[in-house]
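Straight from Swiss-Prot, the features:
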- ASP7, ASP139: Mg(2+) 1 binding site (BINDING)
- ASP7: active site (ACT_SITE)
- GLU67: Mg(2+) 2 binding site (BINDING)
- GLU67: active site (ACT_SITE)
- ASP139: active site (ACT_SITE)
Amino acid sequence: MRILGLDPGLRNTGWGIIDAVDNRLRHVADGVIRPDASAALAERLVQLHDGIMAVIADFSPDEAAVEETFVNMNPASTLKLGQARGVVLLVPAKSGLPVGEYAATLVKQSVVGTGRAAKEQVGMMVKTLLPGCLAATADAADALAVAICHAHHRGTQQKLARAVAR
């Protein structure tokens with residue numbers, strides 16, 4: 001199972017690809033999509049769309065997972081982030097991928113063991129759980145953490161379904 005993790009943002013959208021087989025995780029790739037900050041909002045959203053489409057085309061994931069965003073004190077920033085998140089949810093869904101959504105606290109809990117972990121702790125645990133991973137940025141590490149969270153929750157859901165079917 002190849003999973004695309006996405007950490008949405010209008011300035012930087014982190015992405016990470018992992019392979020999850022049974023209980024084993026393997027880092028495939030990661031990076032950041034950086035729309036041109038000087039471009040109009042609509043153009044930045046197009047650049048975000050095109051960047052995610054390129055990642056999907058290059059790595060052929062089976063499923064996607066997106067981190068839910070928190071509401072910020074600045075309504076204008078929250079609205080723009082929501083628009084970017086809409087693109088981040090739409091692209092994999094339009095590509096036929098099932099999309100899971102996870103709260104940041106659940107992602108941190110799944111990867112670090114506490115929902116209040118710092119970004120540095122998340123990055124360190126991602127590198128521990130994915131040997132050989134050198135996550136390019138904190139945004140990429142966060143996206144990989146979202147993918148890891150999805151793999152863990154997906155595996156649990158499959159085990160429950162098998163147990164109920166017996």
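If you go along the chain as it appears here, the first residue is 1 and each next one adds 1.
Note that Cβ sites are derived from N, Cα and C of the backbone, with glycine treated the same way.
Here the features listed in Swiss-Prot are placed on the structure.
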| residue | record | DSSP (3 states) |
| --- | --- | --- |
| ASP7 | Mg(2+) 1 binding site | strand |
| GLU67 | Mg(2+) 2 binding site | strand |
| ASP139 | Mg(2+) 1 binding site | helix |
Neighbouring C-beta atoms (10 Å sphere around the C-beta of ASP7 (Mg(2+) 1 binding site)): 28
Residues satisfying Cβ distance under 8 Å from GLU67 (Mg(2+) 2 binding site), sequence separation of at least 6: GLY5, LEU6, ASP7, PRO8, GLU101, TYR102, ALA103, ALA104, VAL107, ASP142, ALA143, VAL146
Count of other CB atoms lying within 10 Å of the CB belonging to ASP139 (Mg(2+) 1 binding site): 25
